[in-house]
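Visitor: There's a structure below that I have some questions on.
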Ligand SMILES: *Cc1c(COP(=O)(O)O)cnc(C)c1O
């Protein structure tokens, strides 16, 4: 395999990984640090694996500056599994408010509504999810068990830029598509959770960062793998954890740290997003409907003047060495996902292609 054969992969998830991380995984594939075996073949109870597991958690704790009164759970099932687990664990009085700013927050609300009284505190349907609500637009009830939001809307390409006031209720945030992309004040959240395959590694792993006082004795009738107290007590090893995905998340977190941590990631991500967004804004060929203050630095969704040209764009982008630029089936058009592992050169390459495409088709 030569590196030249790698494409610029703009996939929303699973998504591109840092080349250095893939090379480390390759180098350690057959014989992890003299153990004589691959990480895939290790007992999750072995000391070699325990070290990988502990180091992954420790690196995440350092990077996100996670306070001591939070637990990090490394669980199966991605973010969707947590849509259910959150409601099953956190609904103590049975009431929760959900802020719906896109597809995944809608799915999370729908899942929670199976288990309790869910009130939609905001729904961005009318503006086609191009807008993140202001505090004044939120209709949050008093005394709910938690308020849920999705920090970055992967499909529509919007992202929160403030932490809303929840009237004292714990704030629960789905950070699947922007975790590790910028510093966060973890202490403002009750729970942060994320599937790993967008910005933190590979599929199969859901990371849950939860304030300890929110881990309550589980209800009698919930699935054991959804019990936060059991998972916390067993340090996520009630059963075999998603061992290789945890190893990969550890490598990615270490890579982020070596690059300069979350401040450096934030700087790079701003710079990449600005390059693409500034170009879209000055162009009268492309349409970028997302409201200025609500734009995601991770997923940029736009269109050309027609569906036919969108399809042509996607086709030609593949021929030019890029992939996965086709928009999500819900919104169509084009979407560029530019997570931590997408280089500035990759975005520059895309923008140059877009300029040429505009010239040739306007
Ligand atoms: C991809 C995604 C999900 C779903 O993640 P799975 O790991 O596939 O369950 C949920 N929320 C957001 C914001 C996502 O981007």
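The backbone N, Cα and C atoms fix where each Cβ goes, and this holds for glycine too.
Bear in mind that TrEMBL entries carry predicted annotations, made automatically and left uncurated.
Annotations for this protein, taken from TrEMBL, read as follows:
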type    : residues                             : note
DOMAIN  : 7-350                                : domain 'Aminotransferase class V'
BINDING : 45                                   : L-glutamate binding site
BINDING : 79, 80, 104, 154, 174, 197, 239, 240 : pyridoxal 5'-phosphate binding site
MOD_RES : 198                                  : N6-(pyridoxal phosphate)lysine
Visitor: Of 45, 174, 239, 240, listed as binding-site residues, which ones have a Cβ less than 6 Å away from ligand 1?
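Guide: 174, by Cβ distance under 6 Å.
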Visitor: Just to confirm: which same-chain residues, 6+ apart in sequence, have a Cβ under 8 Å from the Cβ of residue 239 (pyridoxal 5'-phosphate binding site)?
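Guide: Spatial neighbours, sequence-distant, of residue 239 (pyridoxal 5'-phosphate binding site): 225.
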Visitor: Looking only at 154, 197, 240, the binding-site residues on record, which one has the least crowded Cβ, with the fewest other Cβ atoms within 10 Å?
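Guide: Comparing Cβ neighbour counts within 10 Å for the binding-site residues 154, 197, 240 gives 240.
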Visitor: Grab the pLDDT values for the domain 'Aminotransferase class V' (7-350) and give me their mean, rounded.
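Guide: Across the domain 'Aminotransferase class V' (7-350), the average pLDDT comes out at 97.
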Visitor: In whole Å, how far does the CA atom of residue 80 (pyridoxal 5'-phosphate binding site) lie from that of residue 198 (N6-(pyridoxal phosphate)lysine)?
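Guide: Each residue's Cα considered, residue 80 (pyridoxal 5'-phosphate binding site) and residue 198 (N6-(pyridoxal phosphate)lysine) end up 13 Å apart.
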Visitor: In whole Å, how far is residue 45 (L-glutamate binding site) from residue 197 (pyridoxal 5'-phosphate binding site) when you measure between their Cα atoms?
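Guide: Pair distance, Cα basis, whole Å: 24 Å.
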Visitor: Measuring Cα to Cα, how far is residue 104 (pyridoxal 5'-phosphate binding site) from residue 198 (N6-(pyridoxal phosphate)lysine) in Å?
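Guide: On Cα coordinates alone, these residues lie 14 Å apart.
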Visitor: If you count CB neighbours within 10 Å, which one among the recorded positions 45, 198 has the smallest count?
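Guide: So among 45, 198, the recorded positions given, the one with the fewest Cβ atoms within 10 Å is 45.
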